[in-house]
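These notes are about the structure you will find just below.
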């Protein structure tokens with residue numbers, strides 16, 4: 001974080017993020033990364049509201065969608081302190097996991113309220129992921145504060161992106177390989193989480209109980225993140241191809257999830273406005289809650 005190593009960089013970026021923003025492209029990359037974090041952070045709130053409003057969250061959302069999303073965020077959290085990332089990125093990762101756990105809790109609550117069957121399975125799944133989230137958080141809190149942190153580029157939600165390699169290192173250092181593998185698994189989980197939700201919407205022929213704002217904000221966040229990565233200048237001595245290769249898992253994950261979320265967006269259009277069965281199903285589901 002030595003300012004002498006970045007004499008022409010933006011001072012506020014250097015002070016806040018310990019990153020060298022050498023020109024307007026680098027500054028724009030940081031700003032877009034911050035905006036993407038804001039979108040991801042706010043994405044859960046519309047679904048919380050929709051769940052309380054309709055009371056059919058257990059029918060509307062796929063449990064595998066929630067578990068896949070939580071699994072991806074847990075890997076991001078674990079990788080964020082394994083790869084020794086910036087404090088802001090670590091705290092953001094903790095928020096993602098906590099928000100996922102709240103959403104999973106709401107799913108279990110409405111599962112118990114609307115259908116007592118299968119409640120034990122949902123509770124067991126919730127317990128496992130709450131335990132994993134707690135262990136990850138405790139591990140973070142016990143992190144050795146004396147361990148030196150290498151400067152890292154701002155990466156938005158890509159908390160596992162690898163540190164800049166030093167001169168003389170191999171193309172992928174040990175930490176980079178670990179981060180690359182964990183980031184790849186995390187991206188696969190994000191991608192796989194969408195497939196059950198797409199199937200659930202198709203099977204119900206309805207998106208009642210699902211907040212479109214959730215997916216819209218995630219789509220916006222992924223778009224902003226992808227642009228921020230592409231805008232960022234490679235480090236000195238690093239080629240554009242090498243830079244893209246180091247960020248490939250998270251670029252594939254963000255753009256892949258974006259394409260699947262577009263499919264869900266088309267489902268909202270088809271089942272909300274164009275399918276006559278959707279309103280009847282919603283009314284039937286809401287009517288079931290009024291029955292003793």
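Here the Cβ of each residue, glycine as well, is placed from N, Cα and C on the backbone.
Lifted from TrEMBL, the feature list:
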TRANSMEM  27-49  transmembrane segment
TRANSMEM  61-82  transmembrane segment
TRANSMEM  88-110  transmembrane segment
TRANSMEM  122-141  transmembrane segment
TRANSMEM  177-196  transmembrane segment
TRANSMEM  208-230  transmembrane segment
TRANSMEM  250-272  transmembrane segment
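As a quick check, the transmembrane segment (177-196) and the transmembrane segment (27-49) miss the bar of 3 or more Cβ pairs under 8 A, pairs 6 or more apart, so the two do not touch. With a threshold of 8 Å between CB atoms, the same-chain residues lying at least 6 positions outside the transmembrane segment (208-230) that come near it are 28-33, 35-40, 42-44, 46-47, 49-51, 54, 56-57, 59-61, 154-158, 197, 201, 247, 250-251, 254-255, 257-258, 261-262, 264-265, 268, 278-279, 281-282, 285.
Away from its own ends, the transmembrane segment (27-49) comes close to residues 10, 13, 17, 19, 21, 57, 61, 92, 95-96, 99-100, 102-103, 106, 154-157, 210-214, 217-218, 220-222, 224-225, 227-229, 231-232 of its chain (Cβ-Cβ under 8 Å, at least six residues beyond either end).
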